[in-house]
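Take a look at the structure below.
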Amino acid sequence: MTSSRISRIIATGSYLPERVMLNADLEAMVETTDAWIQERTGIKQRHIIADDQVTSDLAVAAAKQAIARAGLTPNDIDLVLVATTTPDKIFPSTATIVQRELGITNSCPAFDLQAVCTGFVYALSVADQFIKTGMVKRTLVIGAESLSRITNWSDRSNCILWGDGAGAVILEAVAQQDGQPVKSGIIATHIHADGQYEQLLHVPSGPSRVAQTDDVAERTMTMKGNEVFKVAVNTLSRIATETLAKNQIDASELDWLVPHQANLRIIKATGKKLGLDDSQVVVTVDQHGNTSSASIPLALDQAITDGRIRRGQLMLLEAFGGGFTWGSALIRY
Ligand code: COA
């Protein structure tokens, strides 16, 4: 019998900045109420990065935890991938800074990946390909964001949504007998993009596109929230059902949905479409807000460390973000 290589999650880690911003704090900043925010988004609070921290600090803290839990040393890692929309600098990549700060001195490749809120699923998919081809054995995949730094704190329909944080997973190559069911590992990833939606969710300025005015809106996220909402609900339902169909898995076989944490109403709609009970859907948006590429690894780490997600269980990860980008990962933990 022939065998091939698949990727197995051997450890997770996470980090949330100390400062918690409650909805009540936002009431003092913009015209909003705790009740409105909770009803429309499900968000109760979010964590905000300290003045002296940058994205790589959050990423390093999450990665250290994952490496320690895996019982590895930093030089056991042979690829560092950081999904982020809020890198420390234009260059070098946040991944190379993380590599240095972790003390990885084995010259392994390190790079950032930008797919906004789908960033972690994209990074997982890329890492999985590197492992499957035999190019690397262990990959550190991090989603880390300091979205508060690109938030327009006077735009009430926008600033209520975002939070800061980081989550990390370590993938390791394991042998898989061809034709046999996967006992523990990534079964499949699916990633997509459609650039025609740029204007619905974006930051207008960037390294090569100079801000047209001094307006803060040029340097922060702008979004047509209700239009994004509609496309997100439809796209996420579609990717979830497509992923299951392509892998010949029935929704009733799923133990968990670990969705990108953008809005509780979007999350519930996807869970319902799959016929899952609310208790099978991992929700952290109430505590973290939308942390973009960090949201799935944060949710995953929470549900694994509190004992909900157990070895051998089947989970579907799905995400949607600016671009638009969207994707899924079907994993037997
Ligand atoms: N507090 C109180 N009222 C607010 C408000 C706030 N924070 N933000 C907007 N409103 C008001 C609007 O001004 C509008 O008032 P009007 O009817 O008098 O004009 C009303 O609430 C409805 O606005 P709308 O934008 O249609 O609200 P909504 O129900 O769509 O909720 C979002 C807004 C942003 C919460 C929602 O659209 C959303 O979550 N979208 C998806 C965003 C997302 O997840 N993006 C990331 C994808 S990765």
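Glycine is no exception: its Cβ is also placed from the backbone N, Cα and C atoms.
The domain 'Beta-ketoacyl-[acyl-carrier-protein] synthase III N-terminal' annotation in TrEMBL covers 111-195.
In sequence order, His260, Ala262, Asn290, Ser292, Ser293, Ser295, Ala319, Phe320, Gly321, Gly322, Thr325 are the residues of the chain that are 6 or more apart from Cys117 (active site) and have a CB within less than 8 Å of its CB. A helical conformation is recorded for Cys117 (active site) in the three-state DSSP classification. As annotated by TrEMBL, active site applies to Cys117 (among others).
Annotation source TrEMBL lists domain 'Beta-ketoacyl-[acyl-carrier-protein] synthase III C-terminal' at 244-333. Using DSSP to sort the residues of the domain 'Beta-ketoacyl-[acyl-carrier-protein] synthase III C-terminal' (244-333) gives these counts of helix, strand and coil: 37 helix, 22 strand, 31 coil.
Residues or ranges marked as active site by TrEMBL: His260 (among others).
Residues annotated as region 'ACP-binding' in TrEMBL: 261-265.
Marked as active site by TrEMBL: Asn290 (among others). In the structure as shown, the Cβ atom of Asn290 (active site) sits within 10 Å of 22 other Cβ atoms.
The number of other Cβ atoms within 10 Å of the Cβ belonging to His260 (active site), over all protein chains shown, comes to 31. The residues of the domain 'Beta-ketoacyl-[acyl-carrier-protein] synthase III N-terminal' (111-195), classed with DSSP into helix (H, G, I), strand (E, B) and coil, number 22 helix, 36 strand, 27 coil.
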